[in-house]
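As annotated by TrEMBL, region 'Disordered' applies to 1-28. Summarising the annotation, TrEMBL assigns repeat 'Solcar' to 36-125, 132-216, 226-310.
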Amino acid sequence: MSAPAKSESELTSCFGTGSEKGPGSSGRTEEAMLVHPVLKAFFCGSISGTCSTLLFQPLDLLKTRLQTVQPTVSGSGRIKMVALLFKLARTESIFGLWKGVSPSFARCIPGVGIYFSTLYMIKHHFLWEHSPTALESVLLGATSRTVAVICMLPITVVKTRYESGKYSYESVYGALRNIYRSEGAQGLFSGLSATLLRDAPFSGIYLMFYTQTQKLASYGQLDTTIVPLMNFGCGTVAGILASLATQPADVIKTHMQLSSEKYLQTGQAIALIFRNYGLAGFFHGSVPRALRRTLMAAMAWTVYEQMMAKMGLKS
């Protein structure tokens, strides 16, 4: 009868409910249970990032152009988004609206995967006993995004320069090599502080509003076919609020990455943007950015949640 008792102890230890860890196989099983869901979260996040990036790349291009165009002497000095859209389609063709999609893919596919897998890992290590509170959601989203931003910032610099229309690179790799040779590592990581000031708060605020609106939606009373629509709706509300709160940081980030030799420090960038564009300059491109970030985040979370549910995992 001693053998079954040992087997039961090892089984209990394997699932983490026993007081001691079993040797050998139980340790490997425990490790597999940890790694496998994280890889699934990475895969689901990468797929969701691919879909949203392909659909909403034109809005990112518009946002970058609106933030960097010089104000006109006559008229109001404001460049209309629709007018710019038609101008780009006319001068650069309709496919020109997807300029920068290659570095966007190179950034978003692994970047979104890193974000969601980090989010899953932290959540299931520290918050597995309860749903995160509003403050915990802010910290969870901001920490996960910080990891993803640091990993993918060189690709973000290349993407911003592609979209501006001021740089011509043969490939993403060629752009990275060119920037490193001419500007050094500082050029590849230009705008790091501004990017973190934009993305970490955005993800924290977004996740807070997303989780809180989900709680208000009373998911337990909804038909399962309506859940994806509710996820998208919650994501849309969260995206609008988070986009508006972080718009100035996005403008600062764009200018620093386009002219790293001109904007050496965040404070210097803020002063120059205010001098050249005024207070309104910090909100240039807010409409296309809010549309893109809102729709992109809402779609990414909807696809991610559905894929994780299909795999039998709680996101």
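The backbone N, Cα and C atoms fix where each Cβ goes, and this holds for glycine too.
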### Message
As a test of reading the model: what is the averaged pLDDT for the repeat 'Solcar' (226-310)?
### Response
84
### For the repeat 'Solcar' (36-125), the number of residues DSSP places in helix, strand and coil
75 helix, 0 strand, 15 coil
### Task
On the DSSP side of things, how many residues of the repeat 'Solcar' (132-216) fall into helix, strand and coil, could you say?
73 helix, 0 strand, 12 coil
### Query
Would you list the DSSP helix, strand and coil counts for the residues of the repeat 'Solcar' (226-310)?
74 helix, 0 strand, 11 coil
